[in-house]
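Among the features that Swiss-Prot reports, substrate binding site is placed at M75, C76, H77, M115, E116. The active site annotation in Swiss-Prot covers D130, and the record cites sequence analysis as its basis.
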Amino acid sequence: MSSFTHFNEQGRAKMVDITNKEDTVRVAVAKTSVTVSEEIYEKMTNNAIEKGDVLAVAQVAGVMAAKKTADLIPMCHPLMLKGVDIAFSWENEADAYKLVITATVKTKGSTGVEMEALTAASVCALTVYDMCKALDKGMIIGPTYLVEKTGGKSGHYRRKTD
């Protein structure tokens, strides 16, 4: 495990200097989920949520969040993203339904896009919660995690279990 690089000689936080890092294609995939009641599932899949098309709004929110990551996370570098994609799928559980959210972010640059993918997935989930909370505040968000990342000096990472 490498040492932390976000501290200066005085032990204070700093933004890491990435000037000399090589530009490479970098991709990160993150996942999260929102577990909802049957009522919310039925209304979402029939586009009957009063606030509108939940998945369409969540998708746009996720893309916007990826682009704003550096504004939210203090030592995150502002990046020129080349692509952001959000995918949704449903998993049925015993007495609930799980919306699985997958965010994929891509760039060509000198630092990775893991935080952008995690932020995109998280804001998607928060948007789903916001749009459905009038029906049930008991929705569960998470877990949220990095599935895979490619590019850069540290190379390829793939989560062992997904």
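Note: Cβ is positioned from N, Cα and C throughout, glycine not excepted.
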Worksheet item: Which residues in the same chain, at least 6 apart in sequence, have a Cβ under 8 Å from the Cβ of H77 (substrate binding site)?
Response: M15, V16, I18, A70, T111
Discussion item. Max CA to CA distance in Å over the substrate-binding set M75, C76, H77, M115, E116?
Written reply: 13
Response to the item:
Taking the centre of the Cβ atoms of M75, C76, H77, M115, E116 as the substrate site, the remaining residues of that chain with Cβ inside 8 Å are T69, A70, I73, P78, L79, T111
Worksheet item: If you measure C76 (substrate binding site) to the residue listed as 'active site' at Cα, how many Å is it?
Response: 26
Worksheet item: C-alpha of E116 (substrate binding site) to C-alpha of D130 (active site): distance in Å?
Response: 21
Worksheet item: If you count other Cβ atoms within 10 Å of each one's Cβ, which of the binding-site residues M75, C76, M115 has the most?
Response: M115
